[in-house]
Every structure is written in C-alpha cells, then in structure tokens.
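Remarks on the structure that follows.
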Amino acid sequence: MPCRCMVVSWVSRAAHSLVMAAKYNVAFVLGGPGAGKGTQCTKIVEKFGYVHLSAGDLLREERAKPGSEFGDLIEGHIKNGTIVPVEITCSLLERAMKKSGKKEFLIDGFPRNQNNLEGWNKEMDDKVTLKFVLFFKCPLEVCTQRCLDRGAAGSGRTDDNLESLKKRFDTYMNATMPIIEHYEVQGLVRTIDATRGADHIFSDVQKLFA
C-alpha cells in the first residue's frame, strides 16, 4: 500500500498537470498600424484553427455598445492614439477567451506598452502559456500608406487618417517597440518581413504554426 506522502505527491502532480492543461495557449501579434496583422491573423485562423482576438476590435466593439461604462473613455483614447487602461483591455480579452470555448489564441495589438505588459502578467500569467510573439516588421511610410488607402476605401475606422496615424506611430515607436525588445531578449520573438504581398508573408508565417 503506498505511503501517504507518495499519494499526496501524486495528487499534487496531477493537480498541477490539470492546471497546466487548462491554460490558454497564446501568440501575441505585434507590428505597426497597417503592418498586416489582421490579414495574416485571418489566414492563420483559416489554416490552423486559432481564435483571433484583436485588442483594438474588442475596444471598438465595447465603445459602440449602448450604455457601456467605458465607451467615452475608449473613444477618447482611440481618437488621440493613446492606450486604453490595461485593466479594461485584459478584462475584454479574458471575457472573449472564455466565451470562445477554445484554447488556442492569436492576440494582436497587445501588449502595447510597459503598463500593458505588467497588467497582463498580473492578471493573466497563471492562465496562459505564451508560445511566441509574431512581429510584423514594416517601415512606417509603408504602414502609413496602407492605412490611408484603407481609410479611403471605406474602412470606417476613425483613426485611419494622417493626424491619428502620427500619434499612433509615436505610441508604437516609444511604447510598443520596447515590449518587442523585451520579448526578444527572452528568445520569444519571431520576426516577419511585412513589406511583401500577403501570400508571400503567409508562406513564412505558416512555418511557425505548422
């Protein structure tokens, strides 16, 4: 008959395994505005079955909800190209993850600054496993033209204009690039040349998920 300490040890290991198995698997998707994150996420979803969560889309949806307590706050940040408080973003992301019933996620446009990173680690570190950071590297002038073209084509996004884009790029360079560098030191960044056509980019992207 096994001793009590062996039984306790086995139960502890089993409980730990269940906790690990219950964690969400996440790949962060980062890059400048217009780098093609959304397009590539759509392709990854179609081929590999991941759930795509865009921090920006979730915030815009929350902003548009009638009676949302965060609507005006989110609107102000989006128009000014600044970053919404991390507690709101994490709450929306976790809600969407639970609602999906799935385990594999792409989260694009997050974390965007040090506050995002710290808030994510505090709120979600014990609930997720970060697989890697998919970084779409693209010059700002290319990103700018893509966003302006998107706006001219009727994207409906209030931030696809030159004034908002300048603020968004400033935020990206000053706040988001240090986060990418943080993960790069940990060996978690997978850099993709995003200046090419969508199909050429995806030929590299899918190697990371295959």
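Yeah, the Cβs are placed from backbone N, Cα and C, and that goes for glycine too.
Feature annotations, reproduced from TrEMBL:
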- 1-21: signal peptide (SIGNAL)
- GLY34, ALA35, GLY36, LYS37, GLY38, THR39, ARG150, ARG196: ATP binding site (BINDING)
- 54-84: region 'NMPbind' (REGION)
- ARG60, THR82, ILE83, VAL84, GLY109, PHE110, PRO111, ARG112, ARG157, ARG168: ribonucleoside 5'-phosphate binding site (BINDING)
- ASN116: CMP binding site (BINDING)
Could you tell me which of these binding-site residues, LYS37, ARG150, has the greatest number of Cβ atoms within 10 Å of its own Cβ?
LYS37
Using a 10 Å radius around each Cβ and counting other Cβ atoms from all shown chains, which of the binding-site residues GLY109, PRO111 yields the largest count?
PRO111
Looking only at the region 'NMPbind' (54-84), what are its DSSP counts of helix, strand and coil residues?
20 helix, 1 strand, 10 coil
Other C-beta atoms within 10 angstroms of the C-beta of GLY36 (ATP binding site) total 25
Cα-Cα, ARG60 (ribonucleoside 5'-phosphate binding site) versus GLY38 (ATP binding site), nearest Å, comes out at 15
Have a look at the binding-site residues ILE83, GLY109, ASN116 and say which one has the shortest Cα distance to GLY36 (ATP binding site).
GLY109
